[in-house]
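Presented below is the structure to which this report refers.
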Amino acid sequence: MSPSDVPINWKRNLTVTWLGCFLTGAAFSLVMPFLPLYVEQLGVTGHSALNMWSGLVFSITFLFSAIASPFWGGLADRKGRKIILLRSALGMAIVMLLMGMAQNIWQFLILRALLGLLGGFIPNANALIATQVPRHKSGWALGTLSTGGVSGALLGPLAGGLLADHYGLRPVFFITASVLFICFLLTFFFIRENFLPVSKKEMLHVREVVASLKNPRLVLSLFVTTLIIQVATGSIAPILTLYVRELAGNVSNIAFISGMIASVPGVAALLSAPRLGKLGDRIGPEKILIVALIISVLLLIPMSFVQTPWQLALLRFLLGAADGALLPAVQTLLVYNSTNQIAGRIFSYNQSFRDIGNVTGPLMGAAISASYGFRAVFCVTAGVVLFNAIYSWNSLRRRRLAIE
């Protein structure tokens with residue numbers, strides 16, 4: 001048994017990586033509420049220009065993350081996951097600090113791209129835990145870990161808005177850099193990893209990685225599932241506030257209502273992910289995945305017919321509970337169908353598909369709503385998720401038949 005296969009106090013590592021994912025999720029979302037305001041402060045004027053630059057600085061991070069993730073995953077498989085976590089936390093802290101000092105929009109755009117290049121904390125945290133936790137507890141552990149990033153992402157916008165109101169926009173970037181540096185310190189002092197470095201010659205090439213997979217087709221279908229999950233989530237984001245305003249009519253607290261409806265899926269996922277992950281360890285993550293996808297379809301369709309914001313909020317809460325099972329189930333199936341030797345790359349490829357979904361989802365939602373209205377977005381998204389449910393079921397059925 002190689003050192004990388006020996007679990008070393010994985011429960012402590014799970015706790016520390018959960019805190020790291022929480023801080024990373026919070027740090028990323030701290031600046032999200034006022035990105036357009038900061039773009040404006042950097043000299044961009046005019047409605048069209050502001051919209052264009054805001055979209056660019058938002059999406060470029062995901063684009064560069066999608067490009068860089070496989071490289072960092074390969075390096076993690078060679079050098080170990082802890083060193084990549086340290087590199088990511090420290091690199092992002094420095095970039096966030098520099099963002100607070102940006103003097104023009106081009107500097108800010110380049111720094112947002114650099115943030116994507118240097119990211120990768122959460123996928124490598126997943127890879128670290130996946131290679132250390134006992135296989136029969138993978139679903140629970142990865143489900144629990146996923147709640148760290150979700151919790152941070154929920155808290156971040158609220159904290160970022162309050163900090164920006166009290167201290168201004170630039171100081172929030174400095175505070176965010178401090179949060180990421182704390183993440184670096186936690187990782188440095190408390191995460192333990194037994195890893196035997198692998199020389200570049202001994203590293204498996206992409207073809208060998210594919211050949212080493214137990215079921216390459218299934219792994220590809222899991223990557224596609226990750227992409228579609230993010231497309232489905234992101235397609236609703238651009239139109240949610242406008243749809244809520246259409247449902248609520250002329251009310252004074254539309255921002256509060258929209259914010260609440262935007263956050264309820266995250267709260268539900270936070271509650272459901274560990275429980276459904278544990279259930280997946282008992283009955284199989286493939287069953288959890290297919291059932292959660294079908295439930296998502298059944299909840300998305302009625303969203304296009306709701307008459308009040310509270311009906312939408314209830315459906316989104318239930319959708320969040322189902323969604324809380326999806327990514328952990330995908331990650332658990334990736335663990336089952338790969339080896340520790342290639343875990344970093346497999347999780348990084350999965351992250352690349354997730355980043356592509358983060359970019360294409362909002363574009364799809366905006367295009368559909370512009371052509372056919374808000375309600376059509378939910379129906380089209382339901383169709384995309386239904387396709388994914390059928391595709392995933394077929395891939396899992398083929399694997400089962402091959403085993404039999």
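Every residue gets a Cβ built from N, Cα and C, even glycine.
According to Swiss-Prot, the transmembrane segment annotation covers 19-39 (among others), on the basis of sequence analysis.
Tertiary neighbourhood of the transmembrane segment (56-76): same-chain residues 35, 39, 83-84, 87-88, 105, 108-109, 112-120, 123-124, 127, 203, 344-349, 351-353, 355-356, 358-359, 362, selected by CB-CB distance under 8 Å and a gap of 6+ residues from either end. Annotated transmembrane segment per Swiss-Prot: 56-76 (among others), in sequence order, evidence recorded as sequence analysis.
Look at Swiss-Prot and you will find 90-110 (among others) tagged as transmembrane segment, backed by sequence analysis. Beyond the transmembrane segment (90-110), the same-chain residues lying 6 or more positions past its ends with a Cβ under 8 Å from any Cβ of the stretch are 24, 27, 31, 38-39, 42-44, 53, 56-57, 60, 118-119, 121, 170-174, 176-178, 180-181, 183-184.
Taken from Swiss-Prot, the feature transmembrane segment applies to 113-133 (among others), supported by sequence analysis.
Per Swiss-Prot, transmembrane segment is recorded for 144-164 (among others), and the stated evidence type is sequence analysis.
Taking Cβ pairs closer than 8 Å, the transmembrane segment (171-191) reaches residues 12-13, 16-17, 19-20, 23-24, 26-27, 30-31, 34, 82, 85-86, 89-90, 92-94, 96-97, 99-100, 121, 128, 160, 163-164 in its own chain, all 6 or more past its ends. According to Swiss-Prot, the transmembrane segment annotation covers 171-191 (among others), on the basis of sequence analysis.
What Swiss-Prot records for 222-242 (among others) is transmembrane segment, and it gives sequence analysis as the kind of evidence.
Positions annotated as transmembrane segment by Swiss-Prot: 254-274 (among others). Away from its own ends, the transmembrane segment (254-274) comes close to residues 140, 143-144, 146-147, 150-151, 153-154, 157, 237, 240-241, 244-245, 248, 309, 312-313, 316-325, 328 of its chain (Cβ-Cβ under 8 Å, at least six residues beyond either end).
As annotated by Swiss-Prot, transmembrane segment applies to 288-308 (among others), with the evidence given as sequence analysis.
As annotated by Swiss-Prot, transmembrane segment applies to 317-337 (among others). For the transmembrane segment (317-337), the residues of the chain that approach it from at least six positions outside its boundaries are 126, 130, 135, 138-139, 142-143, 146, 150, 213-215, 218-219, 222, 225-226, 229, 233, 264-273, 276-277, 280-281, 285-286, 288-289, 292-293, 295-296, 299-300, 303, 343, 346-347, 350, judged by C-beta separation under 8 angstroms.
Counting only same-chain residues 6+ beyond the ends of the transmembrane segment (376-396), those with a CB under 8 A from a CB of the stretch are 217-218, 221-222, 224-225, 228-229, 231-232, 235-236, 239, 286, 289-290, 293-294, 296-297, 300-301, 303-304, 364-365, 368-369. Residues or ranges marked as transmembrane segment by Swiss-Prot: 376-396 (among others).
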Per the Cβ under 8 Å criterion, with at least 6 residues separating them from its ends, the transmembrane segment (19-39) contacts 50, 53-54, 57-58, 85, 89, 92, 96, 99, 105, 108, 121-122, 125, 145-146, 148-157, 159-161, 163-164, 169, 172-173, 175-176, 179-180, 182-183, 186-187
In the same chain, residues at least 6 away from the ends of the transmembrane segment (144-164) whose Cβ sits under 8 Å of its Cβ atoms read 14, 17-34, 37, 122, 125-126, 129, 171-172, 175, 259, 263, 266-267, 269-270, 273-274, 277, 324, 327-328, 331
Other same-chain positions with a Cβ less than 8 Å from the transmembrane segment (222-242) and lying at least 6 residues past its termini are 254-255, 258, 261-262, 289, 293, 296, 300, 323, 326-327, 330, 333-334, 337, 349-350, 353-362, 364-366, 368-369, 374, 377-378, 380-381, 384-385, 387-388, 391-392
